[in-house]
Amino acid sequence: MKVKVIPVLEDNYMYLVIEERTREAVAVDVAVPKRLLEIVGRERVSLTTVLTTHHHWDHARGNAELARLLPGLVVLGADERICALTRRLAHGEELRFGAIHVRCLLTPGHTLGHMSYFLWEEECPDPPAVFSGTGCPVPTCPTSPCPIPLSLTHPTPQGMHCPWPAAAHAWRAQFSRCTRAWWRPWAPCPLRQ
């Protein structure tokens with residue numbers, strides 16, 4: 001599994017996840033479809049599916065144009081407000097793209113229909129990936145080398161609106177303690193089971 005991180009807008013990202021054996025690709029949070037298609041062409045992959053974390057424009061505005069340019073493209077997400085949605089996903093649902101497994105995790109907080117995606121390949125030495133959209137208030141979370149307990153990265157809606165900067169320091173301290181204690185490279189990943 002190869003993940004291409006694509007910076008877009010001023011402070012956002014899209015992702016292209018490539019199944020290296022079949023050259024099938026899945027995009028996550030399409031905001032700028034032309035930029036994504038440039039990379040799809042450069043990587044020589046077949047883009048078949050879009051996973052959308054939530055309906056906000058900076059994560060979903062490119063879905064309609066991409067679906068128009070790629071007939072048959074499947075657009076997935078948990079919220080019916082997502083542009084060009086083909087099928088709604090349920091919490092705990094699992095998908096497969098070649099050797100890549102996807103576990104869909106409803107993570108409301110930023111929006112009610114926010115969904116995160118946990119991706120992994122069996123018998124692959126590469127670490128799994130979590131795509132949390134805007135559900136992760138901890139700046140280091142998306143690039144963490146390990147799966148992170150969702151209770152830390154997806155607080156309640158009330159917790160998302162806590163005062164700063166004191167709350168930010170508390171979250172960082174809690175995240176740091178938990179990550180050091182929780183992650184062990186030799187331990188099985190609880191989200192894969």
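Heads up, the Cβ atoms here are built off N, Cα and C, so glycines get one too.
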Query raised in the report: Where Swiss-Prot shows H54, H56 binding Zn(2+) 1, which of H101, H110 is named for the same site?
Result: H110
**Report entry** Number of Cβ atoms other than its own within 10 Å, given for H54 (Zn(2+) 1 binding site)
**Finding:** 26
Report summary line: Comparing local Cβ density (other Cβ atoms within 10 Å) for the binding-site residues H56, H59, H110 points to H59
